[in-house]
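Take a look at the structure set out below.
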């Protein structure tokens with residue numbers, strides 16, 4: 001019997017690793033991980049594809065969790081890093097629920113890898129980095145291998161799929177069905193500068209929100225300019241901020257890379273909680289074009305929705321950092337890489353507006369940072385208008401649709417208006433030839449003077465799509481798995497093309 005079990009598992013290894021080199025670059029690491037899992041499993045003779053997925057995921061979470069202990073011991077002397085690691089560790093507590101769907105599991109694993117890479121990017125230099133970096137690299141390596149195995153197993157046989165929850169996981173849009181088109185009578189708490197609300201600051205209202213709640217908590221923010229740095233912790237899911245309008249309710253700050261070491265922490269508003277919804281307000285960073293990265297809004301929680309909001313900044317203005325996000329009817333303006341990050345994000349019916357950058361700079365709309373082919377991430381810009389602000393001198397400043405922050409950067413521009421501000425090349429390199437053959441840049445049925453593709457870049461990673469089936473891969477239904485969760489948000493959306 002033991003011989004049978006072992007032989008079966010070796011067969012599974014051959015099947016999984018043999019799916020193709022395309023899905024597991026480091027075959028030895030994948031095989032070693034599977035052998036680790038075999039040693040801890042007692043009944044593999046009856047294993048099915050779904051069971052193998054669960055074994056891989058559960059055991060990997062446990063091993064990643066153990067590996068994190070060593071990193072966190074070192075980060076106790078570094079408050080920012082410790083908070084980041086605690087955030088990732090907190091996310092593992094949701095994993096049992098996330099496993100109820102392959103889509104959720106893939107998103108979660110991608111998010112974990114994104115968090116590790118963000119940490120190592122922003123550690124800085126010196127003795128601390130030399131001590132912590134090897135441990136973080138170990139975490140990144142393990143997360144990459146787990147992702148590769150996950151993809152390989154998932155693609156083996158789609159006749160037995162893990163069931164997808166009809167309306168998203170229980171922590172999102174729970175039994176309460178509070179309508180998003182709110183007023184002060186329906187909101188849980190009201191923020192007002194004039195004293196007519198329970199709180200006068202946004203931070204005070206967020207502090208009052210319950211932790212780990214499965215019910216939605218709605219904060220209505222009345223007209224006013226709120227000069228404060230707002231951080232929504234990942235212990236506060238299902239939070240809604242709703243204002244009186246994107247020109248009336250404004251949260252503003254001016255942190256930048258010139259006075260805060262990490263781009264990640266420059267955000268005027270940072271949401272780390274799953275199920276975040278922002279409606280009818282403005283997120284602003286006034287640091288200016290000369291101060292470097294300065295984020296107005298960073299979103300790091302899964303199944304987040306930004307609706308009818310204004311995001312206003314310069315470099316790195318909007319930072320869709322990780323997980324699934326949906327932006328609808330928003331006004332987004334900036335200069336260099338002003339939509340950047342590693343989220344799975346779809347933008348529909350948004351105004352994307354390039355403004356005047358620092359002298360000598362070019363504008364770049366997107367800097368998507370998908371690091372490996374197994375990570376689930378990418379930006380889709382659908383039915384949007386890409387235009388210029390009145391202050392942009394298009395005669396002297398070039399504007400591009402995007403550049404690859406990392407090798408597998410993924411961006412699609414679909415059915416959108418592209419103004420004449422966009423350079424005929426369309427896209428620009430990050431550094432030399434890096435990523436030009438591995439990125440995924442796509443355009444489909446765009447219009448406007450900047451949509452002409454005859455002079456676009458000749459990179460092998462760039463394509464003009466003709467087949468609607470291929471373009472469909474970048475829609476809400478396919479890219480976001482939006483049909484399983486967006487409808488409960490009551491935000492309008494287009495599922496397909």
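The backbone N, Cα and C atoms fix where each Cβ goes, and this holds for glycine too.
What Swiss-Prot records for this protein:
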type	residues	note
CARBOHYD	238	N-linked glycosylation site
CARBOHYD	254	N-linked glycosylation site
BINDING	263, 403, 405	substrate binding site
SITE	315	site 'Transition state stabilizer'
ACT_SITE	316	active site, proton donor
CARBOHYD	385	N-linked glycosylation site
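Mapped onto this structure are the features recorded in Swiss-Prot.
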| residue | record | DSSP (3 states) |
| --- | --- | --- |
| 238 | N-linked glycosylation site | coil |
| 254 | N-linked glycosylation site | coil |
| 263 | substrate binding site | helix |
| 315 | site 'Transition state stabilizer' | coil |
| 385 | N-linked glycosylation site | strand |
| 403 | substrate binding site | coil |
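Separation of the C-alpha atoms of residue 254 (N-linked glycosylation site) and residue 263 (substrate binding site): 12 Å, rounded to the nearest whole number. Of all the binding-site residues in the record (263, 403, 405), the one with the smallest CA separation from residue 315 (site 'Transition state stabilizer') is 263. The separation of the residue listed as 'active site, proton donor' from residue 403 (substrate binding site), Cα to Cα, is 13 Å.
Most Cβ neighbours within 10 Å among the recorded positions 238, 254, 263, 315, 405: this distinction goes to 315.
Within the same chain, the residues at least 6 positions away from residue 385 (N-linked glycosylation site) whose Cβ sits under 8 Å from its Cβ are 350, 351, 352, 416, 417, 419, listed in sequence order. Cβ neighbour count for residue 403 (substrate binding site) (all protein chains, 10 Å cutoff from its Cβ): 24. Sequence-distant contacts of the residue listed as 'active site, proton donor', defined as residues of its own chain at least six apart whose C-beta falls under 8 angstroms from its C-beta, comprise 263, 266, 293, 294, 295, 334, 336, 337, 338, 340, 367.
Largest Cα-Cα distance over the residues recorded as binding substrate, namely 263, 403, 405, equals 18 Å. Note: the CA-CA distance between residue 238 (N-linked glycosylation site) and residue 405 (substrate binding site) rounds to 30 Å.
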